[in-house]
Amino acid sequence: MTGNESNVVARRGLMLVLSSPSGAGKTTIARALLEREAGISMSVSATTRSPRQGETDGKDYHFVDVERFHRMVEAGEFLEHARVFNNFYGTPRAPVEATLAQGNDVLFDIDWQGTQQLGQNPNAQNDLVSVFILPPSLEELYRRLSGRGLDSPEIVAGRMARAGDEMSHWPEYDYIVVNDDLDRSIDAVRSILAAARLKRERQADLAGFVNRLRGLDRDSGG
Ligand SMILES: Nc1ncnc2c1ncn2[C@@H]1O[C@H](COP(=O)(O)OP(=O)(O)OP(=O)(O)O)[C@@H](O)[C@H]1O
Ligand SMILES: Nc1nc2c(ncn2[C@@H]2O[C@H](COP(=O)(O)O)[C@@H](O)[C@H]2O)c(=O)[nH]1
């Protein structure tokens, strides 16, 4: 079973992408989702940025230097990659492909550039479900970025300066969640996941299952 739906009909895994301006709350929502949902795991990105206090290599990110990052790009190891806030970020391809092939889902915390790349990839676009998280106001975004206490005032200012541009990409996403009340936002993203899992196209053997229900395949031994 790959989530909270029936385990009778097999299905392909899906790629659930969360994007937002920095500080709007996607990491917080992602962590809560992973605690509450079975059958979904986080894609751990590679990045050239330095670890923040409390971040663990291999769990929050794979922290690599710029040279290593470029070697990974050259070797085609990324499903998507982008430069964000003067650092490089990329999604390692192999773990995502292995997880999807097992019928499990993958959660991504990536920016709009990475989401665009996944949407343009013929092998990925059918598995993609994208959610854009908006802050309730710019004042609250600033409060969250500075209240997190992990970035210098210069970095906070840089991220605030980029927020408008990033938010302009909301029309490229399937779903929009305004992250005002955290519990409501978590519930909203869980509902999106539940609905996406039940999409007809994603349930791989529906035709065979219904044929068996109708007794149409008795002679084929299925
Ligand atoms: N609905 C909410 N109400 C109040 N605070 C929140 C809410 N959602 C998240 N926060 C807080 O806002 C801060 C930023 O959240 P978070 O780190 O999840 O943002 P992010 O979008 O992942 O940022 P980044 O892109 O920089 O990684 C955190 O301190 C978090 O606890
Ligand atoms: N395109 C990608 N964007 C990514 C990836 N991993 C993270 N991100 C985005 O970068 C910014 C900054 O993240 P932070 O952890 O330094 O605050 C944020 O918008 C992330 O969503 C990735 O693999 N690809």
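Any Cβ shown, glycine's included, is placed from N, Cα and C.
On a predicted model such as this, the values are computed, not experimentally measured, just so you know.
Annotated in TrEMBL:
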type    : residues                                               : note
DOMAIN  : 13-194                                                 : domain 'Guanylate kinase-like'
BINDING : Ser20, Pro21, Ser22, Gly23, Ala24, Gly25, Lys26, Thr27 : ATP binding site
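Other Cβ atoms within 10 Å of the Cβ of Ser22 (ATP binding site) number 22 in total over all chains.
Checked against ligand 2, the binding-site residues Ser20, Pro21, Ser22, Gly23, Ala24, Gly25 give Ser22 in sequence order as having a Cβ less than 6 Å away from one of its atoms. Taking the binding-site residues Ser20, Thr27 in turn and counting surrounding C-beta atoms within 10 angstroms, the largest count is reached at Ser20. The Cβ centroid of Ser20, Pro21, Ser22, Gly23, Ala24, Gly25, Lys26, Thr27 marks the ATP site; residues of that chain outside this set whose Cβ lies within 8 Å of it are Ile133, Pro135, Leu141, Arg144, Asn179, given in sequence order. The Cβ neighbour count for Ala24 (ATP binding site), using a 10 Å radius and every protein chain shown, is 27. All chains included, 26 other C-beta atoms sit within 10 angstroms of the C-beta of Lys26 (ATP binding site).
As a whole-number mean, the pLDDT of the domain 'Guanylate kinase-like' (13-194) in this prediction is 95.
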